[in-house]
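The structure appears right after this line, and notes come after that.
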């Protein structure tokens, strides 16, 4: 396939806001590509040349791309810079100035050159990147150049999510979504949709079934549902294991021989943050190849008191890591093992995985196994919960004893019970920032005064609004919000956002914030859950807690289904409170 033809599909996707139409366009595209192209096209749809967990970035600013355009299009740099200020989109500038009708490269040729650009480093690499990008711009159709430039700048933003791509892969083969579960299972244990698509194109469903857990490929993490009372846990699980819930940094640690990689909840490779943990893994899992999960949490070495998440995540800064290790030492509380010496343990029941974890771990200071109790008594669960709260922890997680580890799934195999605050929702909501409103009055100087936030509809692959928030952040945080959001602002509402509210500035759904609210109410202006009866759901008196939650991506946000469940729990609690007063 020529890159110009792929660009035409990108154009069609960009012009539609209908998910089914988008899926059908993708399915039509996939039917036309072969096994050497399918993985590359999947990566390019996400504006990348590798899966998300691989730290491969183009590293080219607007200025460098303008240099490449000037070189390729033979237009003076000053003229391009002036035009860019007027147009605001370097992709559209390529269309305006390119005279390359009739020229083109294949998708594979274009992808391979982009991959080379992303991997160039060292002395002379900047000029080499500019020259290679100029070659591509000069070799592609104007429309192809438009999308090429957007890919390099990280501004492709077609609004295509992984669920839509998985549906389209199935539809391309059998004209329905029937193969989606096989594709999704393979994706959940590899986190690499390009690889999964290539295997599917080469060997069909049987090849997908043969995909196994591999050390080095992060597994999409299992997630817990929520309830508001210990009695509900027993009602759903019966006899179960109960563990503390830490306010830490959830880690998935992969060790093969002497190599260790540490992935965050949103599958970022954060190994650099934890040199002390890497050392501990090598010591406490000697001669074992493992994938384990746990919660890393910083503590005060003098008092033993745990610090909140915001302290642990300070290690995300790529400088002074050794200083942070000394200042904020951390403990890893391991709670699961997903692979051990060649065996995929995800299909084993919880109780067997726990035994294998205990057998594999050598005792040491840095890594310990999360304590647990096994009970069918709600009073014992409540007592354990209160003990955890007294220790400054978030709450508890209950786990079904016979449940496998279900990668990428949120269900009632795991149930969390978190601290409830008087007059507040029993749990916070992880919201995605969708846009912002310019400040008025005192906040006019910041250029930002409120955020439009939403939650994720995982059935429709859309982000839906749930609140406009103007309280919580400090003045310094408002300034930081403006800086990071302006880097991802877009001209119009993104295709994967459903909203009746028009903020002053739309942004790509990327950043997650933790929101506390008093309750969930019905709303005619918000789109969360509105397809049920025409009324949406909204957060009453919402406020942002802290800054951006860096360990979570947009698809890790609270879902519409969770909001509906929280609303039902809230109504149930009110009925019970009222009956207590009678």
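Quick reminder: no glycine exception, Cβ is built from N, Cα and C everywhere.
From a predicted model like this one, the values you see are computed outputs, not experimental measurements.
Some features that Swiss-Prot has for this protein:
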ACT_SITE  245  active site, N6-AMP-lysine intermediate
BINDING   243, 250, 265, 295, 335, 410, 416  ATP binding site
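Its Cβ placed at the centre, residue 265 (ATP binding site) has 20 other Cβ atoms within 10 Å. Looking at 245, 250, the recorded positions in this record, the fewest other C-beta atoms within 10 angstroms of the C-beta turn up around 250. Less than 8 angstroms from the CB of residue 410 (ATP binding site) sit 222, 223, 224, 225, 559, 562, each of them six or more residues away in the same chain. In the three-state DSSP scheme, residue 410 (ATP binding site) falls into the strand class. In sequence order, 224, 225, 226, 227, 245, 395, 396, 397, 398, 427 constitute the residues six or more apart from residue 416 (ATP binding site) in its chain with CB-CB distances below 8 Å. A simple way to gauge crowding: the CB of residue 243 (ATP binding site) has 22 other CB atoms within 10 angstroms, across all the protein chains here. The record assigns 243, 250, 265, 295, 335, 410, 416 to the ATP binding site, and the maximum Cα to Cα distance across that set is 19 Å.
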